[in-house]
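According to TrEMBL, the feature ATP binding site maps to SER26, GLY27, GLY28, VAL29, ASP30, SER31. If you look up TrEMBL, you'll see 352-425 marked as domain 'Lysidine-tRNA(Ile) synthetase C-terminal'.
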Amino acid sequence: MAELPVLLVERLKDLTHIRRWVIAFSGGVDSRVLLELCAQQLPPERLLALHIDHQLQSGSKEWAKRCEAICEHLNIAYRCICVNPGTGSESDLRDARYQAFEEVLEPGDCLLLAQHADDQAETLFLRLMRGAGVRGLASMPWMRPLGQGVLARPLLDQSRAVIERWAKERGLEWIEDPSNASEIYERNWVRHNLMPLLRGRWPRLHQRVTATTRQLSEACELLDEMAQGDLSQIRSSPEQLPLLPLTELSRARQRNLLRFWVHRVSGHWLSEDELFRVEEQVIGAGCDRTPELKLGGYWLRRYRECLYLQPALPEREAPFLFTLEPGERRLSQGVLGFEQRASQGLPVGARLRLGYRQGGERVRPLGRGGSVSLKQLMQEAGVPPWLRAGWPLLWQNEVLVAVPGICLCHEGVVEGGLTPLWRPFGLSDGGCFGRL
Ligand SMILES: Nc1ncnc2c1ncn2[C@@H]1O[C@H](COP(=O)(O)OP(=O)(O)OP(=O)(O)O)[C@@H](O)[C@H]1O
């Protein structure tokens, strides 16, 4: 078998667009080997070793210092980021770590992780025991996008034994994490109990696992292609999914599409339990209702036979006074624009008050005889109920003169004035609700 340095170069040789290699250096034997390989094979000025201090163990500062000393010795730039360990659970630590990784990555960066074939096999069994589907069982991909950069695992085909032997033969120094022995963590239990048993019975375990995960990855690609095809057939805008064409698909295809769409918009993969609740509580609810479900940092809602997936928005700002001029104002829930569009509009320089619906307002929309309630106007424009409370309204001298994006009122317009528009965040074509 080729030597590890050759294998590393072989693995990374096609990534010619990478400007900086960020090595995730925990200090453990695997990432110590990866660091050494990078120091040997990649230009040092394009390397950064990144250590995450989870601040979980009392010696973590000392540990970070030792990592720094190793990098100094190898002449590799080093950075340490301290993160909040949360509850200290495996998933909290992982989330904090990946968030820190994402924050560091810039366009053109590749994060290198030192996971190997044994880690991959452990991941497969752990996910099987959590009831994962095809995507979860496909386990860790060798490469995927992460934040503004990409993540790669160049040692994924190598066994732990090969990596440890290489480290010992070269007399490398590394840090033994005492928590690696603790069987409170599921992964350690699998590593210390299940894996030796399986390897004793099936010595070619790695090859089998690799063959299986590779096939599952391909199956995922096919599912994604199918979902992408279905989505482009039926979607009206990225964050909206019309229900009628969705429900015309077979059940399995609907579920595949829902998983794909939710991930595409929010980055969140639906668990089986969440998918069940989407079907039962949101899609299956009576059509007179506006059900909603929180998914990660997003809200999934249904209105008029369409699903909407939007990030949770911050509080709207308090009403305020301003002087009208052309251009855009970024508010907490969207962007308010003023453009020269129609022949009539609000006068530049007017002193306006931005406020919100209190209930019971009536307006006299331009181009329409008589007055209409604001509620009816919003219903007619198809504004979903959850957007109504934060929809800005414009008053001049205590008279409602415009509902941005929806209408100008008879009162307050002048020839050649500005048209107010409203684009709520999280809806790429939010303006489509209005008529302006
Ligand atoms: N605290 C950390 N700081 C930087 N990178 C980390 C850290 N913890 C893990 N990683 C990266 O994630 C990979 C997988 O994590 P895992 O917890 O399986 O590794 P480990 O046993 O802590 O360390 P190693 O893989 O280096 O022996 C590591 O190989 C390393 O590249």
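Keep in mind that glycine also has a Cβ here, set from the backbone N, Cα and C atoms.
All TrEMBL annotations are machine predictions without curation.
The residues of the domain 'Lysidine-tRNA(Ile) synthetase C-terminal' (352-425), classed with DSSP into helix (H, G, I), strand (E, B) and coil, number 12 helix, 30 strand, 32 coil.
The DSSP secondary structure for SER26 (ATP binding site) is coil. The average pLDDT the prediction assigns to the domain 'Lysidine-tRNA(Ile) synthetase C-terminal' (352-425) is 93. Proximity of SER31 (ATP binding site) to non-local residues of its own chain (separation of 6 or more, Cβ distance below 8 Å) is seen for ILE23, ALA24, PHE25, LEU113, ALA114, given in sequence order. The Cβ neighbour count for VAL29 (ATP binding site), using a 10 Å radius and every protein chain shown, is 22.
DSSP classifies SER31 (ATP binding site) as helix under the three-state reduction. Residues PHE25, ARG32, VAL33, LEU34, ALA114, TRP174, ILE175, ASP177 surround the recorded ATP site, their Cβ atoms falling within 8 Å of the Cβ centroid of SER26, GLY27, GLY28, VAL29, ASP30, SER31, which are themselves excluded. Within 10 Å of the C-beta atom of GLY28 (ATP binding site) sit 15 other C-beta atoms, taking all shown protein chains into account.
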